[in-house]
């Protein structure tokens, strides 16, 4: 048979088949595994372990508000903070250990760093607090290159997306699922940061159709944190995000509410009580306990339809 044995001819299809199978296996491996994104390393793995992070930048947003940036362990690291959770900062100040909770304004879409927007409570400014804020003043006095201890994640609420929340009554409780098509938020002062975290997450997901309302309470117009970003989001989603302010000391011509959060503000600017409504609150304890909760009770919101950070 002109140079080829019968055995050799018989083996050609077998060899060809082996080659095809091998190439197919390689292509399948590339398709299945090569296209997968490598998972970013997570910074916060254990809520009981402190992680020292270096301050690498600071920005003055207003005379008493700063954006502090801390570097994560590598440019590829993410913080690893579920939406709805917060972190703790701890530092030894004047011989005492001071611990404070904060919600970053950055997210796990941001690699290599974490940003905190913090209002600095200076000494001798607020009559009720002549010493000012221990942690915020400590941050203000830190130098670029100094380290701060971070710990987390922490918190009783996690947003899983598409209106679904996991909420625990306390640290030892099993989480309960709450689903809300209508999400109302009441924030006071720096309590806006967990709300912004949630608002960003909702509008980042094109499949999340949750409708949002926010009442934001402050002392003066200059105290309104992150106002520009909030109003940009509201203008981009006018049918799904309703934004309202109330001030203790409003300027002349102020078009929003004045005074404490009351039943009229809640009734006019938050979704009414229903089985698919959830109200979130974050702010000073007096605001939560003496303004928000009594007026929510008055208007018929059940305890299961609200959550205070």
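Heads up, the Cβ atoms here are built off N, Cα and C, so glycines get one too.
Binding of FAD is attributed by TrEMBL to 100, 101, 102, 117, 119, 122, 134, 135, 136, and the same site annotation extends, among 193, 210, 220, 228, to 193.
Spatially close to residue 119 (FAD binding site) yet at least six residues away along the chain are 64, 65, 136, 189, 190, 223, 225, judged by Cβ distances under 8 angstroms.
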